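For 3-96, the entry in TrEMBL reads domain 'Pyrroline-5-carboxylate reductase catalytic N-terminal'. The NADPH binding site feature in TrEMBL is assigned to Asn55. The annotation NADP(+) binding site is assigned in TrEMBL to Ala68, Val69, Leu70, Pro71. The annotation domain 'Pyrroline-5-carboxylate reductase dimerisation' is assigned in TrEMBL to 159-261.
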Amino acid sequence: MKKIAIIGSGNIGLSLARGLVKADYARAEEITLTRRNLSHLDAYAAEGFVVSADNVAAVASAEVVILAVLPQQLNHVLNEIIPQVKSGHLFISVISGVSCAAIKARLGAGIQVIRAMPNTAIAIGQSMTCIASDHASSENLADVIRMFETVGAVVKINEELMTSATALCACGTAFFLRAIRAASQGGVEIGFHADEALKMAVQTAKGAADLLLLHQTHPESEIDKVTSPKGCTIAGLNEMEHNGFSSSLIKGIKLSAEKAGSLYTKE
Ligand SMILES: NC(=O)C1=CN([C@@H]2O[C@H](COP(=O)(O)OP(=O)(O)OC[C@H]3O[C@@H](n4cnc5c(N)ncnc54)[C@H](O)[C@@H]3O)[C@@H](O)[C@H]2O)C=CC1
Ligand SMILES: O=C(O)[C@@H]1CCC=N1
């Protein structure tokens, strides 16, 4: 198994690390997690992960380097690690809005860089991960696709769509979670205690998503089965649409995609 270094072990880096171990893709001892303040990684050290504040040493000891810092933190990290970067390294970047070309411009044109856009459900093997590359070898691309397939579904896309993938799939986790919270708040208004309302909303959302996954149907075809003529579902659904339900999701996703494309500045 190739040694992995995750540079910037925050929310997504740690979710990825947990997911890869849970999926038996890697052992914790084979993954180095870096972060500036190591006290946040005590629980991970106890699970067997190698934890370090030294990015340079982490890169030197790894074959696969996963970049998971914020876009505005990237240039500092790349400048720091350049002396240890070798042609055999494979870089995977999960950073929004930074192209493979921008990373190669700093590390060297010969370095293999593949972008992956997972979401936090990667911690439980349920990510939707989009992958794009710019002249990476087919062997490295296949390896990276295999890696992310162990922790969810993978779609290979053109790199120019990575910011759209960020909005729909990575930010999307938050959008669907907020929808579930709103549904549970509605549930409280109509008579349930908060804990039971949340449990009901979560299972209803899971069941709705599973209907689409298992039946491979369109949402409207499943909606048609719920909306009885002159019934209460269509009354509620139309009220939501009059208040901009679909429109607000679409507008939010468009704004997130625009923002994802403007998070990084080259300087
Ligand atoms: N949170 C999410 O759901 C997703 C995030 N992303 C991308 O992943 C990246 C990280 O996002 P988050 O995990 O949300 O942010 P975060 O702030 O939780 O994680 C970044 C981590 O990098 C560490 N860090 C900063 N400078 C460092 C340095 N010089 N050396 C080592 N570690 C350093 C920070 O301490 C922090 O723990 C971003 O570029 C984001 O666009 C991509 C997909 C999903
Ligand atoms: O909010 C963000 O910028 C990151 C990228 C996708 C999810 N979280």
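Including glycine, each Cβ sits where the backbone N, Cα and C put it.
Structural mapping of features recorded in TrEMBL.
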residue : record               : CB count, 10 Å
Asn55   : NADPH binding site   : 23
Ala68   : NADP(+) binding site : 28
Val69   : NADP(+) binding site : 24
Leu70   : NADP(+) binding site : 13
Pro71   : NADP(+) binding site : 17
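Break the domain 'Pyrroline-5-carboxylate reductase dimerisation' (159-261) down by DSSP state and the numbers are 88 helix, 0 strand, 15 coil. According to DSSP, the secondary structure content of the domain 'Pyrroline-5-carboxylate reductase catalytic N-terminal' (3-96) in residues is 44 helix, 19 strand, 31 coil. Taking the Cα atom of each, the residue listed as 'NADPH binding site' and Val69 (NADP(+) binding site) are about 12 angstrom apart.
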